[in-house]
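Note sheet for the following structure.
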Amino acid sequence: MFAVIINTIAIVIGTSLGLIFKKGIPERVSDIMMKVMGLCVVIIGLQGCIQEKNALILILSCVAGAAVGELCDLDGRISRGTERLTRRFEKKEAEGGRITVAEAFINSCLIMSVGAMMIVGSLDAGLKGDYTMLYTKSLLDLITGVMLGATMGAGVYGSALFTLIAQGAIVLLSSSLAPFLSDALILELSCSGSLMIVAIGTNMLELTSLKVINLLPAFLAVPFALQLMQALGLY
């Protein structure tokens with residue numbers, strides 16, 4: 001939970017800096033910072049993938065998961081839901097002529113507190129006690145918090161509380177399940193998550209435009225792929 005608290009504090013600090021320095025971070029500076037962070041995220045993901053004992057499990061689970069996610073259009077469903085929320089508050093903004101606290105809260109939550117990095121990082125923390133991804137996310141949220149705080153105002157603080165609750169819940173739930181999962185399953189779940197982290201990094205570098213949310217069903221496919229490889233004597 002310590003990494004979750006650090007992430008929450010990072011958002012609070014970033015938002016505070018944004019409110020103090022209204023101009024925020026120059027676009028060219030924030031752009032290069034995000035690109036470098038993207039490189040770091042790719043390296044973190046690759047380090048996790050190297051632990052893989054049988055690449056077939058990673059391939060089967062991620063390909064099957066991606067197919068299910070795409071067929072269910074998980075990314076599209078989430079995007080449409082968030083667009084409806086945003087439009088609802090945009091109407092109020094148009095009437096009031098300024099960004100409301102509620103809109104700032106919703107937008108900042110969608111940007112910083114909802115996404116594959118939050119889910120994968122929280123699962124890594126809960127299942128393996130590996131907080132690297134959440135610490136990386138904290139740095140990203142610190143930078144993003146400065147920009148959002150400068151443009152949207154104090155409503156961005158609300159996303160810190162949402163992050164604490166949402167990430168904390170996933171970490172606590174996954175850590176409570178960890179004792180009932182085999183070491184092999186935890187390793188394979190981690191490797192699948194690491195591949196998603198690589199995808200997040202390449203998206204940040206604008207090398208790909210993968211819908212990482214659609215890859216999340218891979219976590220459900222991992223146990224079946226592992227059982228298959230064990231039954232075939234390949235694990």
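Sequential numbering from 1, following the chain as shown.
Any Cβ shown, glycine's included, is placed from N, Cα and C.
The transmembrane segment annotation in TrEMBL covers 6-25 (among others).
Annotation comment: TrEMBL describes 99-122 (among others) as transmembrane segment. Beyond the transmembrane segment (99-122), the same-chain residues lying 6 or more positions past its ends with a Cβ under 8 Å from any Cβ of the stretch are 3-4, 11, 41, 78, 82, 85-86, 89-90, 92-93, 131, 133-134, 136-137, 140-141, 144-145, 148, 151-156, 158-159, 162-163, 166-167, 170-171, 174, 193, 196-197, 199-200, 212-213, 215-216.
What TrEMBL lists as transmembrane segment is 142-165 (among others).
Here TrEMBL flags 212-234 (among others) as transmembrane segment.
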Cβ-Cβ under 8 Å with the transmembrane segment (142-165): same-chain residues at least 6 beyond its ends: 4-5, 7-19, 21-25, 30, 33-34, 37, 99-105, 107-109, 111-113, 118
